[in-house]
Amino acid sequence: LNHLSLLIRSMEGTLNNSQEWRSTLADFGSINSVPYSAHTEATENRGISDVRRTFCLFVTFDLLFITLLWIIELNANGGIKDQLTKEVIDYDFHTSLFDVFVLALFRFTVLTLAYALYRLRHWGAVAITTLITSAILIAKVIITELLSQGVFGYLIPIISFILAWIETWFLDFKVLPKEAENNNRLLPAGGVTERAPLIHPRTFSEGQFYSPPESIAGELAK
């Protein structure tokens, strides 16, 4: 009878041990699945970043500042109505600053569509706008007569050139690296630190210290 009760206790300990391992594996899977779903939901619901919003505001400032300078230049040279007719309707590349305003409008349209609406994570769009702006402004300064038109003749092209290159620098050295850093920071915060360890520290009860069934069967045979 003593051997029979010992055999029954050992079988009960084996069943309890297997059930604990099953519950441990189930907990391990449930713990690992929660951070992934949370990380996916956070990625989908995340809006435009603060540094990207600042970049879009600077692009808007670029357009408004160039527009303001151009309006001041029109008003300073004999009235807005007459100068609009001269620089827009009777456009001349050598004397008009209307193309500088068009370049600012071009930068604003392309950059807001690319980095605010479509949220691109590449510098290609700003490189194109800066390259086109720089080429036209350099050609305009070289072959035109803007310097003979007073301070605005060279002030507006220079400011437009500087703003275009500031946009390129800001996106390439501030926006894209900062967003990449934030995305990398989400991975350990959502998937690594909350992941359960592979081996759990467990405490054993007295019923779990038992002899293998083979040894008990041998004792019964004796």
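Residue numbering: from 1, along the chain as shown.
Cβ from N, Cα, C; glycine included.
What TrEMBL lists as domain 'MENTAL' is 48-219. Taken from TrEMBL, the feature transmembrane segment applies to 55-76, 96-118, 125-143, 149-171.
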Which one, 55-76, 125-143, 149-171, has the most C-beta pairs under 8 Å toward the transmembrane segment (96-118)? 55-76
So what's the average pLDDT for the domain 'MENTAL' (48-219)? 84
